[in-house]
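Q: Can you read through this structure? Questions will come right after.
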Amino acid sequence: MSWQTYVDDHLMCDIEGHEGHRLTAAAIVGHDGSVWAQSATFPQFKPEEMNGIMTDFNEPGHLAPTGLHLGGTKYMVIQGEAGAVIRGKKGSGGITIKKTGQALVCGIYEEPVTPGQCNMVVERLGDYLLEQGL
C-alpha cells in the first residue's frame, strides 16, 4: 500500500458513524521533515516548524510557551502524550500529531469534527504503523 493510500483511505476518510465528517487536512511526514504523503489541503510548512515539533517530542513542553506552528498557523498546545502525541487547538479546530518510529502522522480538523474524533483517526493509523515497525 502506498503512503498516499494511507492518507486518502485512513486519514481523509469519513469518520466512523459520522458520514461526511472528515479531517480538513492530513499528512505523513518523515522525522527529517520530508513529506511521504499528504492531502491536497495540507499546508506547506517551513523546516523550522517541523524541527520545533520534533524537538517537542524529544523535550516535552518545548512548544508550550510559543505554540505549535504549522504552515504559518499557530496552535495552542494542549495536553498530549509526552514523546508520543502532540495536540493543538485554534478556534473551533485543531491538530493532532502522532509520532511513530520513522514518521509523524498529522491530522488537522475544523468543526463539526471534534478533537476526540481527530485524535482517534490519527492515533489509530499511528498505532498501526508502530505495530508494523514503522
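The backbone N, Cα and C atoms fix where each Cβ goes, glycine too.
Per Swiss-Prot, the features are:
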DISULFID  CYS13-CYS118  disulfide bond
MOD_RES   THR114  phosphothreonine
MOTIF     84-100  motif 'Involved in PIP2 interaction'
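Tell me about the surroundings of these features in the structure.
A: Its Cβ placed at the centre, CYS118 (disulfide bond) has 25 other Cβ atoms within 10 Å. CYS118 (disulfide bond) carries a helical DSSP state (H, G or I).
THR114 (phosphothreonine) counts 15 other C-beta atoms within 10 Å of its own C-beta, drawing on all protein chains shown.
Across the motif 'Involved in PIP2 interaction' (84-100), the model assigns an average pLDDT of 98.
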Q: Counting only residues 6 or more past its boundaries, what in the same chain has a CB within less than 8 Å of a CB in the motif 'Involved in PIP2 interaction' (84-100)?
A: 24, 53, 56-57, 63, 67-68, 70, 73-78, 106-111, 113, 115, 118-119, 122-123, 125-127, 129-130, 134
Q: Report, as a single number, how many Cβ atoms besides its own are within 10 Å of the Cβ of CYS13 (disulfide bond).
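A: Looking across every protein chain shown, the total is 13.
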